[in-house]
Amino acid sequence: MSTKPELKRFEQFGEIMVQLYERYLPTAFDESLTLLEKMNKIIHYLNEIGKVTNELIEEWNKVMEWILNDGLEDLVKETLERWYEEGKFADLVIQVIDELKQFGVSVKTYGAKGDGVTDDIKAFEKAIESGFPVYVPYGTFMVSRGIKLPSNTVLTGAGKRNAVIKFMDSVGRGESLMYNENVTTGNENIFLSSFTLDGNNKRLGQGISGIGGSRESNLSIRACHNVYIRDIEAVDCTLHGIDITCGGLDYPYLGDGTTAPNPSENIWIENCEATGFGDDGITTHHSQYINILNCYSHDPRLTANCNGFEIDDGSRHVVLSNNRSKGCYGGIEIKAHGDAPAAYNISVNGHMSVEDVRSYNFRHIGHHAATDPQSVSAKNIVASNLVSIRPNNKRGFQDNATPRVLAVSAYYGVVINGLTGYTDDPNLLTETVVSVQFRARNCSLNGVALTGFSNSENGIYVIGGSRGGDAVNISNVTLNNSGRYGVSIGSGIENVSITNISGIGDGINSPVALVSTINSNPEISGLSSIGYPTVARVAGTDYNDGLTLFNGAFRASTTSSGKIHSEGFIMGSTSGCEASVSKSGILTSSSSKTSSERSLIAGSSTSEATGTYNTILGSLGAVADEQFAGLISASQSRASGNHNLILSSYGINTVGSYKVNGGFEKINWELDSLNGRIKARDTVTGGNTWSDFAEYFESLDGQVIETGYLVTLDKGKIRKAEKGEKIIGVISETAGFVLGESSFEWQGAVLKNEFGGIVYEEVTTEDGVKFKRPLPNPDFDPNKNYIPRSQRREWHVVGLLGQIAVRIDDTVKQGQGIDAVGGVATDGNNFIVKEITTPYNKEKGYGVAIVLIK
């Protein structure tokens, strides 16, 4: 007897049934590897399997050699026969089969034909009931009712279009082709991969959609947890291609803000395709924590609200990545019905929309009109890297709805970061390309590029009116012949920021403006335009060279500052300036503060404007109190009073109203604007080398009296003086002071007392400031045109005091007195002749002398 061989104990090696599950050969499906790397991995893995197999054969040969050489052949035969008779051999076979089933069972094992004719529903049901992973091989497997998926189901096919599961023509209404078993409370742990679901909607006739609720979709997942759907194709769907929803056959409508019970959650949909659907390709309702990536939804059967991807009522925390849509109403529609909560907290990371009507459509129906309640749930959408190609409505979706690249309605908290819209046929979209409308709020559009929409009215339009959008930021936009109005803002939009807009409009049909706003308070900066006749139109005013507008607190070129009001500014300043009230500002100053509205400090230090309408310029340590007070080049001074101004001064304090003051450590001069008075502490000088004091008098005959004639009074008016008459003065052109001109209005415009003094009344301003002003004469008509006395021929400047040029005859001598004949001075006893400047000329009939009139 030979020695019993030392047999080697082999460890079990990995599952290798690549024909069933890619998970048994994971490297072949590792998308990070190149094709060559995948093939090398597979060859290496198979070589390892071959080594193990060869070793098994060698060890088995050792056993057989031992049996034969030691005469154990008969004993082995007897043992095998006994096992067979006792049933142990059958048990071994069954055990092996059961172990093989762990790798998966084929529906054909349970009688499925896959011939496109035979009803294979029972084979599917038995295979699924076995509890083992189920494999659907090549073929078309007809079913007479929907396939139910219990928890812990694994269903894998030979690939899209290779393994096809299809409704038979005899199937009635209300059936979904595949759905989880417990439609109310749901199931868990379902894995679906690599087959086609054909709803065979043609069996129902043309134009047929779902009968209601979530019924009649190709794949319905209701109230399920942990579902993985990969490489599934849904075609010819009565309702949806793939529908992820909550428990129940009917979608719940519990009101805005009310979440439905039993949501589906932790759902993964990858590399799937939907086409020929009656409603939506891939859709979600009342579910959460969903990922949809690398899917394609296209070409629906019908023309209603047929969306490629629809994130609908009550969906939340959904991420869509790198998907594609074509020929649908909405490429991606994120929405809700009026009596359901809106989808919220949705993220879109890359999408390509080709020839959809509205590539990206975000809305909460029933919350758009001014009389509708504001949506409480339509919030938080972030979408990046969106592509829209040739949006159009050639098929007439939704009663010929107008195409859009993007439409946002009723949502708030929407962020678009990277959106490109392109068309090569400008006639496909002629209204608005991108719209924020119907009470949408707090939306941000950044990085938008539109090209080719040359017949469109608006590139980007924030629609105004009673149900318009608001709080919109539009930035970094490039418009290439897209929109007669590049960016347009409607009426009533209170909060909008428009920055860095670049537009070319030389290929547009009648371009108007790159940016247009109805209201006057937008924030605008960084506009660049070619081909638009107007760069910016704001509240009806055109700006052809660009425009920059800022709202809110503003600080620039300032190292530090205190509080700045939302309607205040600080520029070019240092050391803790504050503009803490509305409509106030500080320029190129330090340690200064505005504490009342409509106040300004510029070029100053340690100054404060505490009253409204105050101004401080070029001053140090200046304070302006009350209203309309100001200091200009006035340091260590305080202007207290209404309409009080200090100029070029140091160390003075002023009170009162409607005054202009100046001085050094004390007030030295004052202009009283209210009463027209001038005060000075020292000398007031004139500009002429000889000056006189004069008043206006009216001529008796209304005619002009020429310069240099002596005049007398006659009936309160003047005429040329004659010999022996009282001379009151001379017609003068050298007066340093002239009274009685009535320069600005009729001398009777205000009431006067019997002594000619002005009658005053006390008035109080809206801000409570009291002051006196002249009482208007009720007979005065301010609408009548007034001509001052200086422009009327009958009024003359009569020098009454001073050194005045007088017409003389040949009798007048220097140092002697004068009298008058016909207004010409002759020898006499009045006044004194200072000097004769022009000797008497017989031809002219007079000379000229300077006479001291007093």
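Quick reminder: no glycine exception, Cβ is built from N, Cα and C everywhere.
Annotated features in Swiss-Prot:
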BINDING   His285, Glu310, Asp312  Mg(2+) binding site
ACT_SITE  Glu695  active site, nucleophile
BINDING   746-795  ATP binding site
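Structure coloured by features recorded in Swiss-Prot.
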residue: His285; record: Mg(2+) binding site; Cβ contacts under 8 Å, 6 or more apart: Ser214, Asp243, Ile244, Thr245, Cys246, Tyr251, Asp312, Asp313, Gly314, Ser315
residue: Glu310; record: Mg(2+) binding site; Cβ contacts under 8 Å, 6 or more apart: Asp280, Gly281, Ile282, Thr283, Thr284, Gly330, Ile332, Glu333, Ile334, Lys335
residue: Glu695; record: active site, nucleophile; Cβ contacts under 8 Å, 6 or more apart: Val738, Leu739, Gly740, Val797, Val798, Leu800
residue: Asn753; record: ATP binding site; Cβ contacts under 8 Å, 6 or more apart: Val759
residue: Tyr760; record: ATP binding site; Cβ contacts under 8 Å, 6 or more apart: Lys772, Arg773, Pro774, Leu775
residue: Asp781; record: ATP binding site; Cβ contacts under 8 Å, 6 or more apart: none
residue: Trp795; record: ATP binding site; Cβ contacts under 8 Å, 6 or more apart: Tyr696, Phe697, Glu698, Ser699, Arg789
Local backbone state of Glu310 (Mg(2+) binding site), from DSSP in three classes: strand
Surrounding the recorded Mg(2+) site, with Cβ no more than 8 Å from the Cβ centroid of His285, Glu310, Asp312 and those residues left out, we find Asp243, Thr245, Asp280, Thr283, Thr284, Ile311, Asp313, Ser315, Lys335, Ala343
Just counting, how many other CB atoms are there within 10 A of the CB of Pro774 (ATP binding site)? 16
According to DSSP, Glu695 (active site, nucleophile) sits in strand
